[in-house]
Amino acid sequence: MWLRVFTAFLSFTAGACSGLKVAVPSHTVHGIRGQALYLPVHYGFHTPASDIQVIWLFERPHTMPKYLLGSVNKSVVPDLEYQHKFTMMPPNASLLINPLQFTDEGNYIVKVNIQGNGTLSASQKIQVTVDDPVTKPVVQIQPSSGAVEYVGNMTLTCLVEGGSRRVYQWLKNGRPVHTSSTNSFSLQNSSLHIAPVTKEDIGNYSCLVKNPVSRMESDIIMPTIYYGPYGLRVNSDRGLKVGEVFTVDIGEAILFDCSADSYPPNTYSWIQRTNNATYVIKHGPRLEVASEKIAQKTTDYMCCAYNNITGRRDETHFTVIITSVGIEKLAQKGKSLSPLASITGISLFLIISMCLLFLWKKFQPYKVIKQKLEGRPETEYRKARTFSGHEDALDDFGIYEFVAFPDASGVARMPARSVPACDGVPGQDLHSTIYEVIHHIPAQQQDHPESSSQDGEEDACLDRHDEAGLQELGHCKEQDKGKHSRAKQCI
């Protein structure tokens, strides 16, 4: 045996040194039982060759190698015992095994001989393993009902029906589980033992089983672990919380919520302390307190949480203080308007005021008259009516009231038509007198007895006007020059 091995080694060394090379992709090949397995082999040389010989040998541990088949050039010479199991297509040195069985597991040796000027030899060895693929594993938990934190233990077992050379690995939340003070594994890692269980052991567990030809993972399973209560706290939907004190305005209803981390969920009870006595006022996670129904301004409460599986209990205390700020709020609640209503009212008032101001400015009588007169051409003023002895003096003065506004020089424009003057009074003086009367028109008429008597005399004087009416008017004006109120009434 050792002689043959030494001879093969010398042949391989000589072949490698002489230029013959035999190569295989891998020295270990894994096969699946019942399927075909192909062992690829590549060889090459640089010298002329007349004959090429390929030989396949099979050996198991502690046994002699067996001849499987061989070829010279393109002729195959199989072992009659294995002629239907092994196939080779020369000059290709690769070997096909079909079907593969557990008995085919071992070392396969390929040897290549080249006959030319001399004989060159080289060989390679391939280890073949045969396995059955694993099936999907199933995880079982004991006890199935769960375990109590710090009290109970738990065992997870991975069950696989098929597969050879199985390797087990436990995963928690997708990461490998390692040995710790509470975690331990069986001999082949097929079981995971947790003792004692804690809240930190809660998670998604799975079992991964693999072998050289396959791998399968179980469905995720979450063990049941009872724990808690932890982190008991009380919150409210309103009011001011400072530490364990809630400040509430009188007249407001406040809702308290008590919660804690626990499995299964806790049962809650609310306890009120009054006059050194305590009594349960409600069961459940929520408590509503109407502040106006509380007789005391400061009341102590307590929320208790109890886990009926773990048997653990926790409680938290808090104080509710009723303030009197709410009384003023209630008194002003019906009287005060909302900010939106106030803003809306102010906006409407400003809009209406601006509209009224715009209309008042737009339709003022004196401005309308002034705008209309300013738009009239200058020729219309020159066509104004003159005094006549047969017209009413009041109507004449009324007409001059609209047209008598001064120009840039401060002198009112008079009609172009000449007007006769009174006796001894030139026409230029008449123009100045009429302008002064128009320029000093009062804004409002004054009523008194003297003015009434003067009106009668003025009317009588004006009724007698004729071609010399203007002279009489000037005479009347001369008589009443010192009486300012009478001149106002004539106008």
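Every residue gets a Cβ built from N, Cα and C, even glycine.
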Annotated N-linked glycosylation site residue, as Swiss-Prot has it, among ASN153, ASN276: ASN153
Site from ASN92, ASN308 that Swiss-Prot describes as N-linked glycosylation site, others unannotated there: ASN308
Listed residues ASN73, ASN204, with the one flagged N-linked glycosylation site by Swiss-Prot: ASN73
Which candidate, of ASN117, ASN189, Swiss-Prot gives the annotation N-linked glycosylation site: ASN117
Annotated stretch (region 'Disordered', per Swiss-Prot) among the listed ranges 312-331, 472-491: 472-491
From CYS158, CYS258, partner that Swiss-Prot gives for the disulfide involving CYS207: CYS158
Counts of helix, strand and coil residues, the domain 'Ig-like C2-type 1' (137-221), according to DSSP: 3 helix, 40 strand, 42 coil
Cβ-Cβ distance under 8 Å to ASN153 (N-linked glycosylation site), same chain, at least six residues away: ALA147, HIS193, ILE194, ALA195, PRO196, VAL197
Count of other CB atoms lying within 10 Å of the CB belonging to CYS158 (disulfide bond): 24
Other C-beta atoms that fall within 10 angstroms of the C-beta of CYS207 (disulfide bond): 27
Separation of alpha carbons, ASN117 (N-linked glycosylation site) and CYS258 (disulfide bond) (Å): 98
Secondary structure content, the domain 'Ig-like C2-type 2' (223-319) (per DSSP, counts of residues): 3 helix, 67 strand, 27 coil
Residues satisfying Cβ distance under 8 Å from ASN308 (N-linked glycosylation site), sequence separation of at least 6: PRO264, THR267
